[in-house]
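Everything on this sheet refers to the single structure shown next.
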Amino acid sequence: MRTPIIAGNWKMFKTVSEAKTFFEEVKGKAEVAGVESVICAPFTNLPALVEAAKGTSIKIGAQNLHFEDEGAFTGEISGKMLQELGVDYVIIGHSERRAYFGETDEIVNKKVHAAFKYGITPIPCVGEKLEEREAGQTKEVVKVQTEAALQGLTAEQAAQVVIAYEPIWAIGTGKSSTAQDANEVIAYIRSLVDGLYGSETAGKIRIQYGGSVKPENVKEYMSENDIDGALVGGASLQPASYIALVEGAK
Ligand SMILES: O=C[C@H](O)COP(=O)(O)O
């Protein structure tokens with residue numbers, strides 16, 4: 001039995017004071033038995049959010065990390081630093097990082113390993129561009145990205161990973177993939193995990209859908225067999241909407 005997981009990805013939104021206000025409003029509400037609730041915030045918000053989340057069931061995540069422990073990498077943050085803060089999750093290889101910051105499958109894999117080194121659960125992101133979908137290449141694209149992200153992990157580690165399937169054309173566009181289409185790709189990703197690690201690991205790994213998920217459509221996705229939750233951008237920014245997403249995942 002896989003626990004559904006709703007992760008809000010705030011992207012580059014919210015100052016520290018805005019994050020604290022948000023948390024006060026969702027505390028006790030975005031906490032639903034049987035659903036894991038995660039907020040992935042900008043680095044600057046993490047200390048305050050980790051502190052605020054103490055004694056709650058809400059987990060805090062980062063949106064990126066560097067794969068080295070430390071070094072001359074101006075502007076970067078390492079897993080070692082995140083571990084000391086007490087961060088539980090980290091998003092890796094979001095399509096925005098791949099598109100705007102040149103992250104490759106190889107870098108994504110190094111970051112996944114770095115997260116495990118510091119006891120942080122990675123949420124690697126995979127997904128096709130519109131032209132790839134139209135050319136019938138969706139499965140080919142997610143196969144390459146998924147296998148690269150998991151490369152070198154043990155079965156035990158792979159079972160802990162949370163994969164986010166986000167078709168790029170559905171991100172922030174209001175054009176969500178149908179629940180059936182998303183489920184088909186997610187079931188395919190699970191079959192890839194089966195091929196790599198066997199059915200026990202494939203049965204344990206959680207795979208989220210992301211792309212224009214809202215309180216109004218979250219239940220449709222959650223009713224599909226292979227979809228274990230959602231990685232949500234825009235609709236995770238308002239407390240009422242975030243609470244409704246977590247409630248809708250039950
Ligand atoms: O990480 C979240 C995704 O990029 C989805 O963003 P969105 O919910 O605003 O479409």
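We count from 1, first residue shown onward.
In case you wondered, yes, glycine gets a Cβ from its N, Cα and C as well.
Unlike curated entries, TrEMBL annotations are predicted automatically.
Listed in TrEMBL for this protein:
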| type | residues | note |
| --- | --- | --- |
| ACT_SITE | His94 | active site, electrophile |
| ACT_SITE | Glu166 | active site, proton acceptor |
| BINDING | Asn9, Trp10, Lys11, Gly172, Ser212, Gly233, Gly234 | substrate binding site |
Starting from the Cβ of Gly233 (substrate binding site), draw a 10 Å sphere and report how many other Cβ atoms land inside it.
22
If you check the binding-site residues Asn9, Trp10, Lys11, Gly172, Ser212, Gly234 one by one, which have a CB less than 6 Å away from any atom of ligand 1?
Asn9, Gly172, Ser212, Gly234
Any idea of the Cα spread of the substrate site, Asn9, Trp10, Lys11, Gly172, Ser212, Gly233, Gly234, as a max distance in Å?
14
Name the secondary structure element type, per DSSP in three states, that contains Asn9 (substrate binding site).
strand
Comparing the recorded positions Lys11, His94, which residue's C-beta has the most other C-beta atoms within 10 angstroms in this structure?
His94
Packing count at Asn9 (substrate binding site) (other Cβ atoms within 10 Å of its Cβ)
27
What is the number of other Cβ atoms found within 10 Å of the Cβ of Glu166 (active site, proton acceptor)?
27
Cα-Cα, Asn9 (substrate binding site) versus Glu166 (active site, proton acceptor), nearest Å, comes out at 12
